[in-house]
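Copied over from TrEMBL, here are the features:
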type	residues	note
BINDING	B:H62, B:H110, B:D196, B:H200	Mn(2+) binding site
DOMAIN	B:39-118	domain 'Manganese/iron superoxide dismutase N-terminal'
DOMAIN	B:128-229	domain 'Manganese/iron superoxide dismutase C-terminal'
Amino acid sequence: MLSAYPLKALLCFTLPFSTRIVVATQDPIIIQPIEFGAMSSPTYHLPPLPYGYNALEPHISTQIMELHHSGHHQAYVNNLNAALKNHAAAVQSNDIRTQISLQQAIKFNAGGHINHSLFWRNLAPPGSSESKSSSAPNLIKQINATWGDEEKFRDAFKTALLGIQGSGWGWLVKTGTGADKNRLSIITTKDQDPVVGKGEVPIFGVDMWEHAYYLQYKNGKAAYVENIWNVINWKVAEKRFLGSSEDDNACLKSTQGLLQV
Amino acid sequence: MNSTLLRTSALRSAVRATAPSAASRATIAGTTFVRGKATLPDLSYDYGALEPAISGKIMELHHSKHHQTYVNSFNTFSEQMAEAKHKEDIQAQIALQPMINFHGGGHVNHTLFWENLAPTKQGGGEPPKGQLAKAINDSYGSLDGFKEKFNTALAGIQGSGWAWLVQDTQTGSVLIKTYANQDPVVGRFRPILGIDAWEHAYYLQYENRKAEYFKAIWDVINWQAAEKRFK
């Protein structure tokens with residue numbers, strides 16, 4: 001079945017570390033549809049994790065990872081597929097009111113799918129070479145140029161994460177325009193709003209929904225924010241930093257290509 | 001509820017029978033901004049009293065940690081607000097407004113929430129009576145019809161937030177509204193009954209099965225408290 005699709009689409013499939021085909025410098029976002037449902041709406045799938053559920057212990061517990069991936073992320077995928085199917089039916093029947101009423105459900109659930117897909121890949125087992133910031137020499141250089149040093153950056157990131165009121169995410173983002181294309185910035189997004197601003201490239205994200213830490217850290221979210229640094233995948237962060245927003249959008253474009261097949 | 005939310009330090013002290021002397025209070029008044037401080041209200045039931053609907057562990061963390069943090073932060077930002085007003089620093093006052101809304105809202109919401117819960121032994125789950133029951137039936141057909149609509153509203157919250165049965169102060173009718181994060185029910189609508197849909201309200205017990213929490217919580221709803229709020 002895979003061979004029926006253009007090569008570009010293949011680049012977007014997520015595979016375990018051992019079998020992943022590395023063909024581009026960017027970290028692909030895993031948002032391609034693999035099958036078509038009724039009314040020509042694409043069907044999205046839960047990407048497998050590139051490590052085991054217990055691989056981020058002791059910083060993120062196995063139980064959290066399992067629920068988060070197989071429960072929460074799967075629900076976003078399912079709800080996205082359902083919303084897109086209804087949307088496709090509404091397009092088919094020229095029902096513009098229903099199309100508009102579905103926008104928020106699509107944004108929320110597609111955002112949840114995009115955010116978690118990025119998140120899993122920007123985490124790595126503690127102690128692995130990926131988890132060392134030395135795996136991201138170019139990114140660290142830019143971080144130091146922006147915040148002074150790594151510690152000041154981490155402090156600024158921590159402050160942003162702990163300042164989120166309600167559910168949301170903290171992101172290191174490359175804002176990439178013109179001569180200043182490597183400019184970095186820390187942003188927070190509410191609920192499942194994805195980082196999709198013009199030219200914005202998410203480098204790594206930290207999930208600040210309570211489901212991301214509560215079973216282990218309970219109301220002590222500052223400790224979660226402290227420990228997350230042990231499992232950030234700097235190798236992936238470096239790849240995203242070196243990529244362009246065009247690279248980052250490559251899989252979205254291939255999605256559009258697939259829709260025209 | 002106001003007396004629960006905001007006790008003046010003098011009243012609070014009086015309750016503890018350790019009222020400071022008039023002289024010491026006068027000294028404080030001369031140097032800082034004396035104002036009512038928000039305090040964490042006591043629950044009228046034990047942490048374990050809402051089991052099995054809500055576990056004792058959840059209740060303990062939710063009340064003694066989460067609610068306490070809203071109280072502390074509200075007091076901190078209120079002091080900063082008073083200082084900004086004193087200095088006539090309008091920018092600082094505006095910058096503090098979201099913090100007052102969030103932490104003050106967290107305090108108000110949780111205070112109302114604890115009051116509109118009760119153990120089954122103390123009437124939790126007993127259906128509403130009188131005018132409130134009539135208003136619910138008029139709008140939703142039946143109590144079960146209302147619960148179904150309310151649970152749909154709860155399930156539809158995207159992120160953290162609350163669902164409330166509110167009364168429209170203009171028309172007197174009741175309706176279900178959801179609020180993001182800790183946005184409190186203020187202004188045109190009067191809060192009658194609230195259910196916390198933040199993950200911390202159920203996750204230790206129900207994990208990602210929030211629909212089970214929404215179903216179970218009706219066993220410990222204190223409709224008498226809701227009736228008192230209804231006008």
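The count begins at 1 with the first shown residue.
Just so you know, glycine gets a Cβ as well, placed from its N, Cα and C.
Where the annotation comes from TrEMBL, it is an automatic prediction and has not been curated.
A distance below 8 A between C-beta atoms marks B:H200 as the binding-site residues from B:H110, B:D196, B:H200 lying next to chain A. Cβ neighbour count for B:H110 (Mn(2+) binding site) (all protein chains, 10 Å cutoff from its Cβ): 25. The Cβ of B:H200 (Mn(2+) binding site) lies under 8 Å from the Cβ of B:I58, B:L61, B:H62, B:H66, each on the same chain and at least six residues away in sequence. Here the Cβ of B:D196 (Mn(2+) binding site) has 24 other Cβ atoms within 10 Å, regardless of which shown protein chain they belong to. Per DSSP, the secondary structure of the domain 'Manganese/iron superoxide dismutase C-terminal' (B:128-229) breaks down as 49 helix, 24 strand, 29 coil.
Across the domain 'Manganese/iron superoxide dismutase C-terminal' (B:128-229), the prediction's mean pLDDT works out to 98. B:H62 (Mn(2+) binding site) falls within a helix when secondary structure is assigned with DSSP. The Cβ centroid of B:H62, B:H110, B:D196, B:H200 marks the Mn(2+) site; residues of that chain outside this set whose Cβ lies within 8 Å of it are B:H63, B:H66, B:H67, B:F113, B:W198, B:A201, given in sequence order. A 10 Å cutoff on Cβ-Cβ distances gives B:H62 (Mn(2+) binding site) a total of 23 other Cβ atoms nearby, all chains included.
Secondary structure by DSSP for the domain 'Manganese/iron superoxide dismutase N-terminal' (B:39-118): 61 helix, 1 strand, 18 coil.
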